[in-house]
Amino acid sequence: MASLRLPRANPLAFTRWPVTVITAIVYLALLIPLLVVHHVVPSAPSSPPSGLNISEAWADLQVLTNGFHPYNSRRNDVIHSWLLRRINEILDSTPLEQEYRALDEEKPDVFVFDDVYSNLTTYGGTLKDADLGVYFEGTNVIVYIRGWEDDTEHWWEAPNGVPTSRGGVLVNSHYDSVSTGFGATDDGVGVVTCLQLVKYFTTPGHAPRRGLVVLFNNGEEDFLNGARVYSQHPISKLPHTFLNLEGAGAGGRATLFRSSDFEVTGPYMRSPHPFGSVLSANGFDTGLIASQTDYVIFQGNMGLRGLDVAFMEPRARYHTNQDDTRHTSKDSVWHMLSAAVATTEGLVSDSTDRFDGAPNTDGGVPSGSGSQAVWFDLFGSTFVLFQLHTLFALLVTLLIVGPLTLLFTSIALTKADKMYLFRSSAKSEDRLDVVPLQGLRGFFRFPFLFGIPTVVTVGLAYLVTKVNPYIIHSSAYAVWSMMVAAWVFLAWFVSRVADFARPSAFHRIYTLTWMYVLSWVSAVIATVYANQRGLAGGYFIFFFHAGIFLATWISYLELFALPSKTEYANQLRSVSGRASGHGSRRGTTSGEDDGEEAEEEPTESTSLLGSGQRTTFANYVRVGGDNHAVAEEEVIDPNVYGREQAWSYALPKWTWGLQLLLTAPITLIMVGPLALLTISAISQTGQDGGHPLFAYVAIAIFTTIMLTPLLPFIHRYTYHVPLFLLAVFLGTLIYNLVAFPFSDSNRLKLYYVQEVDLDTGVNSATFAGLSPFVKDVSQELPSAAGQTVSCEWHTKRRNLLSCSWEGIAPQPVEGDHPMKDWGALKGNVVCLWSDHNQPGVLPALDEAIQFLPVWAAVTKGSDGLVEGRRAFEIGNDD
């Protein structure tokens, strides 16, 4: 058997080793930085800007988090007093007036409001429970730094007073924690950031143009009460824009969760390390993210325009005792602080009227309205921001221009007689000879090439969900590795089988054409959602579609390098004539399509010119003579790869690299961060009752999108990488099916509450969590020994099992028996206890924390850790 030896001088040729090495380098060169950006927080500077002190902020965070401080606790009152003292210390340390005047500015007036008077009653539709009503008395701390364009009067002291200056800026954080968490990230970092903002904007050189209101609200963890009651304070009429600082994880980077519009998002571009995507905002808009922050009060109820910046992972530490300073860092503090300073400085220095206008909610502030925005970061260092209607215009343009460009190119190819696509044969100039082109070969590969790996990865999602549904909680990258390895190996295997059975030089162009059609349909869907529902999360589809269009167009332009079909037919007839030696025509064939239809099984001597001539593996042309006399002439062209069509010698050998660079990098850069952000956000939501299948299917979808750019080139891969990935797949599959899903660094949260019926004396401690783990943990507690642990499905937390046993009686406090006369009334009085700072007060909870396995954590299951309940009935006085 003769072997084909292609020239090795060109390291960019479309051959196996260049394709394997270059594609691997491109993917690794992008995936590694994306992973680093996602997991590594930029270092805090050794010398921060004037007016900021990171060491001071870290010391404040340590004080703030040295105990649980929910709204309903003594520790919360201690933090309230400490905040007032720290604010006064910062203000007392400001320099004299002369230092401000040296910088051509006035020292700003600062007003501190210890708001223990505002109160609010909310009920019905404003809360999650339509049957619930809440009366709340606030203990917010408000700092107002007067802008040098603000009114100089104390307008807030006048009855119904309103500011006459342009709207100010609100920066919000909450200083209460949950009863089971120290609140370092939720929301201690936000609180110390606000303290540093007070310091920064009272430092010479940073006096604000617009008034700045810094709010330390108390009561966010219970119905967002702190933000609600802030709306009752007169100073709430001043701000038109806001920045909300929040935490839903422990450490890491602070991401831009959402923003109200294009104009208010602009100042965030000043952040030295921007991070986030508008896709997360769409998650809130569509209801996929059910939890809320104070953002919804400021933007939805009060009509302000602003941004929501928050920490978002890992969720396993959220609202637990691992939300402490040990599990965050100064770098995380700096990441939020630097973003807050940049954004706030941009908002308070704005000199336009774009944040003033008609209220956009009933009774809201006159903040006007803005344009819908598209925004995302690039490698955590650059922030891209443009308006949604710009995305719509770009999508519509590309949807029209792309098909027309390919159509006109196809027409030009047809006129030049170089349209080999979909052509099974060609005729010579005298139209007497018909030679096969095999131009349809490879067209029907893509549905199998794309479909089989995708279906298998989705099937793996269902398999893991069935066998070990929560392994993603602690081993998300094992799931990623399994999906990626399976997808690449199957795509390579299918492509190699197809290439062996039907070798085709058109594999690349047909695959890109199919990809273009799919991306075009996706772009249509993204356009419809952007126009009708204002959802901008499909922005990545535009870039994905644009790259595929250009790569596809390049493949069509490559066809101009081919000889015309007539010229090619003449060349083959000339070769056939010389080989026969007697001028007879050889190898004439019908014009029937031989692309994907049944034909002679290809072997080393499969016919090149149909039934008359045969070619060896090395592209020999063998011409048979009459009466078994054989005359043979060898025609070898090293520019033809393998057993592909002979006319492919003229195709460029380097353009594949350009096509790879147009498809793979842009896909990874656009989709990679979304994949990491999305899976980080949802991989641990199963413990909250979310269905785990969603996370696995999401990984399968992201895997398919990010690896699809490999399909036009994967048939050129050597076997080394796919076989290695096959081994990775088998190993990770076994691990994902049998490994225990939780660990001490990725614990399972169990929701705890203790209920005491003061009439009957029934004392019930309850854990709610995933089955069967919650039952196993409950039965192992000493107080549950010898008892029958009662388990039933939770009525409010879907997919969670609630297990109860007779707990150790709480010893919160001794009290008296106040009496009051009412009219006819009956119901239940419920008292809550949330303070768990003193051992022995809640012995059942102390026991649970002490004896829980290392892979489980306690979090609050209700507003109180203990709920004391007593029925009452008061008759009529008469």
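Every residue, even glycine, has its Cβ placed from backbone N, Cα and C.
Values in this document were obtained by computation on a predicted structure and should not be read as measured data.
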**Item:** Leu421 vs Tyr719, membrane side identical per Swiss-Prot
**Value:** yes
**Item:** Residue from Glu149, Glu153, Glu221 that Swiss-Prot also lists as binding Zn(2+) 2 with Asp186, His319
**Value:** Glu221
**Complete:** Residues outside the topological domain 'Vacuolar' (464-473) whose C-beta sits under 8 Å from one of its C-beta atoms, at least 6 past its ends, are 316, 479, 679, 683-684, 686-687, 692-693, 695-696, 699, 735-739, 741-742, 746, 748, 770
**Prompt:** Considering only Cβ pairs under 8 Å, which range in 17-37, 391-411, 443-463, 694-714, 722-742 makes the most contacts with the transmembrane segment (509-529)?
**Reply:** 391-411
**Prompt:** Just the number: how many Å between the Cα atoms of Glu221 (Zn(2+) 2 binding site) and Asp186 (Zn(2+) 1 binding site)?
**Reply:** 9
**Fill in**
Looking at the binding-site residues His174, His319, the one with the fewest other Cβ atoms inside 10 Å is His319
**Prompt:** Which range out of 443-463, 660-680, 722-742 gives the transmembrane segment (534-554) the most CB pairs under 8 Å?
**Reply:** 660-680
**Message:** Using DSSP and collapsing to three states, where does His174 (Zn(2+) 1 binding site) fall: helix, strand or coil?
**Reply:** strand
**Message:** For the topological domain 'Vacuolar' (464-473), report the average pLDDT of the model, please.
**Reply:** 98
